[in-house]
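What Swiss-Prot records for 1-35 is signal peptide, and it gives sequence analysis as the kind of evidence. The domain 'C-type lysozyme' annotation in Swiss-Prot covers 36-163 and rests on sequence analysis. What Swiss-Prot lists as disulfide bond is CYS41-CYS161, CYS65-CYS149, CYS99-CYS114, CYS110-CYS128, and the listing cites sequence analysis.
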Amino acid sequence: MEAGSWAPRRWPRPPGIVLLALASVLSSLLSSGQARVYSRCELARVLQDFGLEGYRGYSLADWICLAYFASGFNTGAVDHEADGSTNSGIFQINSRKWCKNLNPNVPNLCQMYCSDLLNPNLKDTVICAMKITQEPQGLGSWEAWRHHCQGKDLSDWVDGCEL
């Protein structure tokens, strides 16, 4: 073997994987420019203004608890699932059913792009979350809420907030 002729073996990559990785990087870059991390009380006031207090029988504290355990109050949070779907925004809404991502064959029940869920003004996110909550399982649609908030005393989530 001659010096300098060795090169690492290149493994072929399926184009879909490369495109998914590129889309993931672009999504992260785009969302990071507009992301916002709310404080607990600031988010409580915003969600109250959107009418989530008492919506479908859930308290404002339920929503704040969900947002904390789903995203840490970060509007730009994006999580990639093993099945290729993504969870987006402060409530980590999944692209498998609720929003349009790269896969054109999803129901898109919220009739919006997943990137809309990264907007710090939360309007689209709240509209979609309200639609999800209309499902029979309500906030139970979110694993984070079921594991961390359901059936617990959540009063601390809004204590001290001037609402």
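Every residue number used here counts from 1 along the chain in the order it is shown.
Heads up, the Cβ atoms here are built off N, Cα and C, so glycines get one too.
Here the Cα atom of CYS65 (disulfide bond) is found 18 Å from that of CYS128 (disulfide bond). For the disulfide-bonded residues CYS41, CYS65, CYS99, CYS110, CYS128, counting C-beta atoms within 10 A of each C-beta gives the highest total at CYS99. Take the disulfide-bonded residues CYS114, CYS149, CYS161: by the count of other Cβ atoms within 10 Å of each Cβ, the lowest one is CYS161. Cα-Cα distance from CYS99 (disulfide bond) to CYS110 (disulfide bond): 6 Å (rounded to the nearest whole number). It is 20 Å from the Cα atom of CYS149 (disulfide bond) to that of CYS128 (disulfide bond). In this structure, the CA atom of CYS128 (disulfide bond) is 10 Å away from the CA atom of CYS114 (disulfide bond). Annotation note: CYS65 (disulfide bond) sits in a helical segment as assigned by DSSP.
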